[in-house]
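Heads up: the structure comes next, in structure tokens.
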Amino acid sequence: MSSNQLSIMNQLNSINLYQSNKEYQMPIISTLNDFIETIRIIFNEDHIDINEVYTILKNFQCDFSEWSKYIFYHKTKYTRNLIDEGNGKYNLLLLCWSEDQGTGVHDHSGADCFVKIIKGQIKETIYEWPKHFNPKKSYNSTNETDSPLVVKSVTVMNPGEVTYMHDKIGIHRLQNPSKTETAITLHLYCPPYTESMNFEESTSKTSKGTEKLNLPGYGHLKLC
């Protein structure tokens, strides 16, 4: 995670839900059930410290076999697999990436986004918001240009690393850079969101996107 991302994470108090005023030292959480329960307890509070959420994700390390019921790959599209719907303040997802799969460039509709790398590598490219674009306007905003998006940073993350993203940082895309290996990432979004704004990298033009989930155990696969 870049210093800019860390700085914004520490400063963010956008909806009076988050506070960030201390550092946390916590033991390793070693089972998925304990992790889910810990997150639920934290989000039952009126105020959530995003540094605490980040530290819990950083210290969480379960046996890989515990992910098995949530791992679904698809040959044409990465999958988003629901682990926990939370309590209306967050949701927890496992994303599975086949070789060379990635997202488009997108925003997060004002949500805080935490990502922990479970397997493989993930490349995160962060872009500036388009210069003449107003995020508060509709998805059919006329503030579009034919100018390409401007890259702020490119980071390749390895297993165990955690990154944080928010619209105040910019917009981004994630990609499995490997041509031979799959990747798996754990995502926590607070609050949950189902729609995002997508951006064409070469022109900055926008379109509305809908985030779909695979619900393990329901017998079907929905692609995002």
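Just so it is clear, glycine is given a Cβ too, placed from its N, Cα and C backbone atoms.
In the shown protein chains, 18 other C-beta atoms lie within 10 A of the C-beta of His106 (Fe cation binding site). The Fe cation binding site annotation in TrEMBL covers His106, His108, His172.
When Cβ atoms from all protein chains are considered, those within 10 Å of His108 (Fe cation binding site) total 18, not counting its own. In the three-state DSSP scheme, His172 (Fe cation binding site) is classed as strand.
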